[in-house]
Amino acid sequence: MNSSGDNAGFEWWRRTMQYKTGIGLTPEEKTRYEDDSKARELKKECLKCYEYRDWMLKYSPTVRFMVQAITKLNKGSDSKFDDSKIICDYCPDWKGGGFHPELGILLCQNRLRDKWHLEDTLSHELIHYFDDLKWQIDWLNLKHHACSEIRASSLSGECRFWEEFKRRGFRTGFHVARGHQDCVRRRAIISVSGNPNCQSKEHAAKIVDEVWDSCFADTRPFDEIYR
């Protein structure tokens, strides 16, 4: 096991220079440096993720509103939201986060581009949290799953015009007037496609379309699409 001194200050600088130049570097030292470098990066990502999480819990209007709505549903307006239910961790899959009814919210520290991406992701998962408490969602029921995905993508801000434009620009198929709805539908289909009870992307699209009108129109706990 490496001492913490090997991974800090001058000693880390020395090891980095040795790794980059290869001078006097044994295969074992090379492997150890790469392992230590990865561990340092993971720790840095984790600390940054929690820093952003805490900032959003304190200052983001959307996140704060959702936390208040969840708290009222959960134990009453006087109870405190348990932020330990929102954890940061490394994710091998290409996703920004996830929600589990028993475990809470996962923020994928290695997939989040910046503070504002984390805000969208956290808002998305908090909407799933709200839905699960309010309607006791059966996440293996495709219609339940699709409805919550539609709401989460629509209300979280991840499909607002500017975010969708940054992703797609003026590519074929991008329509300014219905960009928000196209984004919500696309992301909902992708999420439902990953459900173990979903047979194919076409199956997911069919389910999303079946529940679209009622679920897209349901903006609770907001009065309207806020972001």
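In case you wondered, yes, glycine gets a Cβ from its N, Cα and C as well.
Remember, predicted model here, so these are calculated numbers, not experimental data.
As given in Swiss-Prot:
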- His124, His128: divalent metal cation binding site (BINDING)
- Glu125: active site (ACT_SITE)
Lowest local Cβ density (other Cβ within 10 Å) among binding-site residues: His124, His128: His128
Around the Cβ of Glu125 (active site), the count of other Cβ atoms that are within 10 Å: 23
Collapsed DSSP category at His128 (divalent metal cation binding site): helix
